[in-house]
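A quick write-up on the structure given underneath.
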Amino acid sequence: MNHGDPAQGALALLFLNVFAEQMGFPVPSYPALLIAGSLASLTVGDAGYVAVVWLIAMVACELADSIWYGVGRRYGHWSMAQVCRVSLEPDTCIRKNRNLYLSVGPKLLIVAKIVPGLGALSTLMAGATRTRYLTFLLFDGIGSALWVSSGLVLGMIFQRTILATLHWLETYLVQGIFIVAGALFLFVFWKAWRRHRFLKQSRLVPRVEIDELLAMQAETPDLRIVDVREPSVVDETIPDAIAIPLDAAIDRAMPDTDAETPIVVFCACPNEVSAALVALKLQAAGYRHTYALVGGYDAWQATVGTSMPTGDADTRPSASNRN
């Protein structure tokens, strides 16, 4: 097979494009797979060239995903927090993706590349939850193979349409850029508006700083501290904290708590949104003196440092686990 330097350059660009997207850069590579498939169909009978294209895209996927897996395994929750900071929904990004991975398991990697924004986060979660690397490679490899193969096959099937589209883009490139940019702007604006409303609601909950919590611990014997982080991915918590899942029925989660009892809720997410949501539920249930801890567990660790194993915490089951 001898396709010359231009073809080799195209393969190198395909590798870089796929690798960059899988590393989280905003450079969609699925169109490149479609184009590669449509061009590969022109090389009639050259199955070797198609195999090389497939293999190059697969190597790019597995290399990038293995890097994300290693970062998640080494840095755990911190790596999730850093990635979610650039998400369009940073306040719920960690909780949603963590809960999704924990409910589905490594099999989520099979479809992760199909769902926008899930790829890097699911591979991070695989590392953070200590999924075995061979298990990770198996399911991630299946997902990558399905994703790459679908792009190449669709490119072959719709070769004429894709090549005609490329010709149209050459003719109407400026108009096409404006259409895509306009659609992207509307999408980002909608997401930003939703987040603004979400944060505005969460700000209704009063906050307490770490020093205020320490003072409350010293002066208020009946103080309740509530941990709303996902129990299965945390090993330590604030001393005397009780764990309450986000989906818990409040009346069952805190049956022996007086309505006048001060309650401080904490999480490990940007803007302490999960804590604020549970605090709003507590306030609606009649617990008027409910607060969210500024900075959550990360702020506690950075300021105080003392903690206790989560196995020693009082864990309240969710409504789904109790009748």
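Backbone N, Cα and C atoms are what each Cβ position is placed from, and that goes for glycine too.
All TrEMBL annotations are machine predictions without curation.
It should be emphasised that the depicted structure is a prediction, and the values quoted were computed from it without experimental measurement.
For 47-71 (among others), the entry in TrEMBL reads transmembrane segment.
The annotation transmembrane segment is assigned in TrEMBL to 133-157 (among others). Within the chain carrying the transmembrane segment (133-157), a Cβ under 8 angstroms from the stretch's Cβ atoms is held by residues 18, 30, 33-41, 50, 53-54, 57-58, 61-62, 65-66, 69, 106-114, 123, 126-127, all 6 or more beyond its ends.
Here TrEMBL flags 172-193 (among others) as transmembrane segment.
Over the domain 'Rhodanese' (219-309), the average per-residue pLDDT in this prediction is 83. The annotation domain 'Rhodanese' is assigned in TrEMBL to 219-309.
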Secondary structure content of the domain 'Rhodanese' (219-309), with strand meaning DSSP E or B: 31 helix, 19 strand, 41 coil
